[in-house]
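J.: Let me give you the structure first, and then I'll get to my questions.
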């Protein structure tokens, strides 16, 4: 059997050897990171965004690159998922976007701070993460309405904000109900009133009052009313 | 106890118990928030509770390790602690750093990197504090009448823990590099140098409790810590799969992570076989429970449950979900919390001279806290598996999934109540010992420890 001296040798040689390999791989990994395209897009804005991210301990609820707490959504691909416009509206008043749901602290970020955070999230979303986060392979892809055949194309705002929670033709979020046949249920006037202040029509609804201008409301409701 | 200065250990242990109680309170705050009762949101938002919960864990375990060192090192070195005054200064400064950090977390003052939330200015204080500790313990070992493997391994572990705190203090602009070096601290602590500390404490306890020859135990200690480093250093790679570093980390990390359970398995087998070899029955059975329990539970929690999601193909789906919380809870409990409880249970009768061993409260503490922790792990596991399938496989929205799994947190809270009742029993027992007295000097005689130490 092993003597104490041999056991000690095993410990010392093992530790030294594997530390050396680890340092070598670290050198190679840093070389890889600093020569990858992401290091060229690492702007001042992104760095300021990262500082804000850390200063407010966003990782205490969210995860990014899969790291952090698991209380709030994974944000690596949030830029791709929600788009800058939605994130901007959300960060101005997080609780208004999800009334009565799990709460996020309302930080009083300035416009430029929000831009920095968005830049940080965009930068992280563009990293080569070797397939993370995985695409949900069992997701159903039923087509309810052929959105291409609609007479009016979806307004820009719809794509930026509404699709975060609602889906049309199987594409979009699943927080709110699918909007494929919303035009059958509600007329134009109702939809306009609804978009102006959902809480007034149905107190306690999860639908937030969105910062929309009158013309945007008109465009959105005429688009929605033709989804039959 | 053999030396007067070992009494300092008591104050570290008492601080330990206090911080642990606070950690549990914050755990409940988070458990209720997850069930939808986030009533404290305005005062203690989730991120504040989370930072406090995890940092208290780190601080109370470190305090426990320091207490253990203050008990073990004089015993192993056959001399008093180098400076008692320094030990008290160090303990008090540690408490100050802890209190300021915790208050800071509630005022949005932190560094915001998971597990390393302590604000940067306080990091420097931590460094000074740890240097004080290492100097004091180091001088004790240096001037020792004898050098034992146990004390050297323990000291090397504490020293490396301090050294590896530094990479976490460097600022990086890239999230990838930031993450890379954050794991140098977190992983290499938890799966490297802390295991060294645990191994040191474990072998000290086995020598004392089983009476097996020191040479035999210390030889296996080398093999086990050797295995730990062999697998643990490159095993850091399992945190590097998806952060934007080269692909080969999947192979390196995956392979060495598969070896990581071996070190824990060896630790469990070692503890059990030493217990079987033991030629005598130590009267402090509960200390033996905690010691063997720690070796076994660390294999289950850190080894087995860790392995359950470190393969890259599995980790792709479980990374960043409640599965991590499942593994984390049992791993920390088994490997580190239980070993601190073991040294505490062993040392308290000897520090105070009160032979309060093997009472029903102590036995209840052991079983209730272990059953409670297993229940909590189960609740996290069920919630985590459901989350992975609904969110990562079916593509449901994060918040929709969270509503689906809310009910499992009722299970978590119930198990946490069982766990907490065990911890309360442990603390009641701890309080019943009272403070250490000089009259307890040479108390080992009563339990026969002295004769054992001589025999080796």
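Keep in mind that glycine also has a Cβ here, set from the backbone N, Cα and C atoms.
As annotated in TrEMBL:
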{"type": "DOMAIN", "residues": "B:8-456", "note": "domain 'Cytochrome oxidase subunit I profile'"}
{"type": "TRANSMEM", "residues": "B:12-37", "note": "transmembrane segment"}
{"type": "TRANSMEM", "residues": "B:57-74", "note": "transmembrane segment"}
{"type": "TRANSMEM", "residues": "B:86-110", "note": "transmembrane segment"}
{"type": "TRANSMEM", "residues": "B:122-141", "note": "transmembrane segment"}
{"type": "TRANSMEM", "residues": "B:153-172", "note": "transmembrane segment"}
{"type": "TRANSMEM", "residues": "B:184-207", "note": "transmembrane segment"}
{"type": "TRANSMEM", "residues": "B:219-243", "note": "transmembrane segment"}
{"type": "TRANSMEM", "residues": "B:255-275", "note": "transmembrane segment"}
{"type": "TRANSMEM", "residues": "B:287-310", "note": "transmembrane segment"}
{"type": "TRANSMEM", "residues": "B:330-351", "note": "transmembrane segment"}
{"type": "TRANSMEM", "residues": "B:363-389", "note": "transmembrane segment"}
{"type": "TRANSMEM", "residues": "B:409-431", "note": "transmembrane segment"}
J.: Mean pLDDT for the domain 'Cytochrome oxidase subunit I profile' (B:8-456), as a whole number?
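T.: Here the mean pLDDT over the domain 'Cytochrome oxidase subunit I profile' (B:8-456) amounts to 92.
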J.: Going along the chain, which residues at least six beyond the ends of the transmembrane segment (B:57-74) come within the CB cut-off of under 8 Å?
T.: 1-3, 5-6, 8-13, 15-16, 19-20, 23, 80-81, 87, 90-91, 94, 98, 115, 133, 137, 140-141, 150-151, 154-155, 158, 161, 194, 197, 200-201, 204, 332, 336-337, 340, 343-344, 347, 351
J.: So if I exclude everything within five residues of the ends of the transmembrane segment (B:219-243), which remaining residues of that chain have a CB under 8 angstroms from its CBs? That is, six or more out.
T.: 149-150, 153, 175-176, 179-180, 183-184, 187-188, 191-192, 195-196, 199-200, 202-203, 249-250, 252-257, 259-260, 262-263, 266-267, 270, 274, 310, 312, 315-316, 319
J.: Using a Cβ cut-off under 8 Å, which residues of the same chain at least 6 positions beyond either end of the transmembrane segment (B:330-351) come close to it?
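T.: That would be 1, 6-7, 9-10, 13, 16, 20, 57, 60-61, 64-65, 67-68, 71-72, 190, 194-195, 198, 201-202, 204-205, 208-209, 264, 284, 286-287, 290-291, 293-294, 296-302, 305-306, 357, 362, 373-374, 377, 426, 430, 433, 436, 440, 443-444, 447, 449.
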J.: For the transmembrane segment (B:287-310) and the transmembrane segment (B:86-110), decide whether they are in contact, meaning at least 3 CB pairs lie under 8 A, counting pairs 6 or more apart in sequence.
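T.: By the criterion, they do not touch.
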J.: Taking pairs 6 or more apart in sequence, does the count of Cβ pairs under 8 Å between the transmembrane segment (B:12-37) and the transmembrane segment (B:184-207) hit 3 or more?
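T.: The transmembrane segment (B:184-207) and the transmembrane segment (B:12-37): touching, no.
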J.: Can you tell me which parts of the same chain pack against the transmembrane segment (B:86-110), counting only residues 6+ beyond its ends and a CB-CB cutoff under 8 A?
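T.: For the transmembrane segment (B:86-110), the nonlocal Cβ contacts are 5, 8, 11-12, 15, 19, 22, 43-44, 48, 51-52, 55-56, 59, 63, 66, 70, 117-119, 122, 125-126, 128-129, 132-133, 135-136.
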